[in-house]
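J.: Quick one: the structure is below, questions incoming.
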């Protein structure tokens, strides 16, 4: 689950402010809309359906916004090339009641609180026990995600996927991390077609030709494992397939540059360079994050080009989770205060892994 990044006016809801060292990106956290709020220098728009989140609160982290002129040129280019899909816009279905978790399964500290936890700036550096815990949590998250992917077929509802994820998670003695993170009511995020992130599972049946990102996070023995993939449903267009494959490749290329002492900004440059080759947009309002005993912490991993400071440290754990679009990178928040969709209805794809920085590079914990 990615924290929300509010776009500067000059990242799973809303959140409470935190600050970064001088000169670095400032982000925040809150819950009713996503996971982060904003410092005074950032503009947040809490959304009803159709309202922009050029700045917003969310489960991902906040990044600087492309200039209005650059955004206009980007949108015109895609429209002129006819790459914006003409398909019915995503509509919300019925959301079923929240599922129960057995009392003997340990909960993350935020469950049952009236609001989401405050964002923690500190990096999560693991000792031997932490590395073992993160490997176990990552392995389970990957297994749950792969199983969820087998359910992606025309006619299957995202609510059915949520129930399957929930059941497999609790049977393993783990807690589904999204459930009860602030007001998020489900155990997994399911983001279909133009949904950028934080889609709430509901009664809508998947259609032939859909693409769907399934974002799984499990809390096992005190550690969170966080991962997502975009899956193809039935007969998907070549354009959609390419978007999905390029997004997957952007994550893999970003992972390949990671290692002790490497600047975090290399991640964004690597992803943005590949996206540019295919004329895809890189979503800036949501970012990767530190993960471990805490669901969302520093650093904020921007997926676009940036000059933010910070270097990777040995035994550090964090996520990379790029979101690429075929059209605009601007999003709108539905009035459920979680679901974020592209403003123009264009397709978007996302992939995510939890990483451990090692002496020789990065170990993917969610394989």
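Note: Cβ is positioned from N, Cα and C throughout, glycine not excepted.
What TrEMBL says about a protein is an automatic prediction, not a curated fact.
Computed from a predicted structure; not experimentally measured.
Found this in TrEMBL, in case it helps:
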type	residues	note
DOMAIN	133-359	domain 'Peptidase M24'
BINDING	198, 296	substrate binding site
BINDING	215, 226, 352	divalent metal cation 1 binding site
BINDING	226, 289, 321, 352	divalent metal cation 2 binding site
J.: Rounded to an integer, what is the Cα-Cα distance in Å between residue 226 (divalent metal cation 1 binding site) and residue 198 (substrate binding site)?
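T.: The Cα atom of residue 226 (divalent metal cation 1 binding site) is 14 Å away from the Cα atom of residue 198 (substrate binding site).
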J.: Report, in whole Å, the straight Cα-to-Cα distance of residue 321 (divalent metal cation 2 binding site) from residue 352 (divalent metal cation 1 binding site).
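T.: Distance (Cα to Cα, whole Å): 4 Å.
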J.: Looking at the binding-site residues 289, 296, 321, whose Cα is closest in space to that of residue 215 (divalent metal cation 1 binding site)?
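T.: When the Cα distances are compared, 321 comes out closest.
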J.: With the cut-off set at 10 Å between Cβ atoms, which of these binding-site residues ends up with the most neighbours? Options: 215, 226, 352.
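T.: Selected residue: 226.
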J.: Can you tell me the CA-to-CA distance separating residue 296 (substrate binding site) and residue 321 (divalent metal cation 2 binding site), as a whole number of Å?
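T.: Roughly 13 Å, rounded to the nearest whole number.
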J.: Whole-number Å distance between the CA of residue 289 (divalent metal cation 2 binding site) and the CA of residue 198 (substrate binding site)?
T.: 15
J.: Taking the center of the Cβ atoms of 215, 226, 352 at the recorded divalent metal cation 1 site, which other residues in this chain have a Cβ no more than 8 Å from that point?
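T.: Near the divalent metal cation 1 site, beyond 215, 226, 352, sit 1, 2, 141, 189, 216, 217, 227, 228, 319, 321, 353, 354, 366.
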J.: If you take the centroid of the Cβ atoms of 226, 289, 321, 352, the listed divalent metal cation 2 site, which other residues of that chain have their Cβ within 8 Å of it?
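T.: Result: 1, 2, 215, 227, 228, 288, 291, 301, 318, 319, 320, 353, 354.
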J.: Calculate the distance in Å between the alpha carbons (Cα) of residue 198 (substrate binding site) and residue 321 (divalent metal cation 2 binding site), and round it to a whole number.
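T.: The Cα atom of residue 198 (substrate binding site) is 13 Å away from the Cα atom of residue 321 (divalent metal cation 2 binding site).
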J.: Determine the mean pLDDT over the domain 'Peptidase M24' (133-359), rounding to the nearest whole number.
T.: 98
J.: CB neighbours of residue 198 (substrate binding site) within 10 A?
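T.: 31, counting other Cβ atoms within 10 Å of residue 198 (substrate binding site).
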